[in-house]
Amino acid sequence: MNINPNNVEIIISAVKPDQYPDTGLKEVALAGRSNVGKSSFINTMIGRKSMARISSKPGKTQTLNFFNIDEQLVFVDVPGYGYAKVSKTERERWGKMIETYITTRDNLACVIQLVDIRHNPTEDDRLMYDFLKHYEIPTIVIATKEDKIPKGKIQKHLKIIKQDLDMDSSDTLISYTALSKDKNPMIFNAIEKYL
């Protein structure tokens with residue numbers, strides 16, 4: 001899959017189904033804890049520095065942000081989960097918004113769940129993965145921030161993630177750093193299987 005980074009645009013920020021765009025394209029949702037690196041992941045994957053806003057403040061994404069990727073697919077950036085400084089009401093609202101999107105959206109082809117390779121998956125990570133499996137949503141798990149651990153320990157950390165999430169053998173697990181585009185073809189190939 002060849003992406004022209006000059007042909008990427010944010011279509012809409014939505015909070016409810018009647019605001020979802022009608023592109024006819026398949027969608028790939030990006031889910032993960034606040035500050036796991038979703039915005040950096042999007043920017044690196046599409047080869048644009050600031051398409052998705054990067055913030056050191058967790059909980060910045062509060063809507064479903066739809067990005068048209070070169071008229072080939074749509075990335076949907078969903079609010080990060082597990083951020084304690086947001087009110088319980090707000091967290092529940094985000095949770096409902098994400099659940100509605102994932103369980104009702106016909107265009108959804110798969111979900112990329114991002115986890116931090118440096119740490120064991122959290123309870124929230126496990127709940128999200130189990131939720132996706134319950135609804136039989138194809139899932140690609142991306143272990144971000146691989147540049148933060150020694151190369152020799154990457155496989156060990158991936159094994160822990162696979163075990164902790166009790167991953168299906170059919171699901172893909174890829175380690176990743178936003179500092180390099182080397183893994184982009186591998187990730188786009190994994191996505192393409194579901195389009």
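Just so you know, glycine gets a Cβ as well, placed from its N, Cα and C.
Per Swiss-Prot, these features apply:
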- 32-39, 59-63, 77-80, 144-147, 176-178: GTP binding site (BINDING)
- SER39, THR61: Mg(2+) binding site (BINDING)
- 24-195: domain 'EngB-type G' (DOMAIN)
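Cα of PRO79 (GTP binding site) to Cα of SER39 (Mg(2+) binding site): a span of 11 Å. In this model, the domain 'EngB-type G' (24-195) carries an average pLDDT of 89. The two recorded residues, THR63 (GTP binding site) and SER39 (Mg(2+) binding site), show a Cα separation of 13 Å. Counting only same-chain residues six or more apart in sequence, the Cβ atoms lying under 8 angstroms from the Cβ of GLY32 (GTP binding site) belong to LYS38, GLY80, TYR81, GLN113, LEU114, VAL115, ASP125, THR144. Highest Cβ count within 10 Å among the binding-site residues ASN35, SER39, THR63: SER39.
With respect to their backbone Cα atoms, TYR176 (GTP binding site) and SER39 (Mg(2+) binding site) stand 13 Å from each other. Look at the binding-site residues LYS38, LYS145 and count other Cβ atoms within 10 Å of each Cβ; LYS145 has the fewest.
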